[in-house]
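To start, the structure itself, in structure tokens.
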Amino acid sequence: MSPAASSATRPSTLPPVRGRLTAGAPLAPLVWFKSGGAAEWLFEPADVDDLSDFLAALDPAVPVMGLGLGSNLIVRDGGVPGVVVRLGKPFARVERLDATTLRCGGGASGILVSSTARDAGIGGVEFLRSIPGTVGGFVRMNGGAYGREVKDVLVEGEVVLRSGERRVLSLAELGYTYRHSALPEGAIVVAATFRGHAEAPAVVQAEMDRIAAEREASQPLRSRTGGSTFKNPQGHKAWQLVDAAGCRGLTRGDAQVSEKHCNFLLNLGTASSADIEGLGEEVRERVKANSGVTLEWEIQRVGVNP
């Protein structure tokens, strides 16, 4: 069902909310690639109760997905059916629970988490400074960088299931593997508790600065990109395989494999999501032909083609 067609069905099919519910909401402005179609519905809940009540009353057949900063995401050009949930300011708070522990809202950015940890004298979460996303995405994906992953610091995650049920999941229950969790389809991460270690703020800041400088030197940070495109296969670096297959700088329309870091795809201007995803698939084919390794997407691809 198209967003335009679905708007007339709202009174009978979608529950009332206290937050904001928008029909046919363009998603391209909300994702880093600046491409893709619209959400059939975009829901920005007022608080956890608003989200829980909405999902509990929503027809179970309606698909639901969460959207953070949109940094590791391709939204296909036909848009996303169902409801896209975006956690705003009410979910972006970070608070210190004790000398080494933070409780972070699902909409809080990695920079906010690491900066709050620094100010509180908590080390160990500096790596979140380097991941362009929100806590909800980190927890779902077991986000990681510079030798650390969310599983190394997570105590528990607070989620609202597709049914509207609120659950607190332990580290073990999240079933983490490399860039993957056992979170069920449609579950929205609303908060997480991270535990680090006591550290002088100046030491934490120095590590954050080191990470920032390394990213600046090696990644196309000021581009329309989706971050790391492919997972690192066992025993390999994805970028090296892409480079060895002759894909550095490869283009399709306005989509390009970054020349600075070839595990990044770029939108040079007016690339469609089909251009970007198609370029990624071409890279996978070339790498398979060259090295025999099948690259697995790290970027999430959602929605439908036109």
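Here the Cβ of each residue, glycine as well, is placed from N, Cα and C on the backbone.
Now, the feature entries from Swiss-Prot:
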type     : residues : note
DOMAIN   : 34-199   : domain 'FAD-binding PCMH-type'
ACT_SITE : Arg179   : active site
REGION   : 215-234  : region 'Disordered'
COMPBIAS : 220-232  : compositional bias 'Polar residues'
ACT_SITE : Ser228   : active site, proton donor
ACT_SITE : Glu298   : active site
Protein Cβ atoms within 10 Å of Glu298 (active site), excluding its own:
19
For the region 'Disordered' (215-234), give the DSSP counts of helix residues, strand residues and coil residues.
4 helix, 6 strand, 10 coil
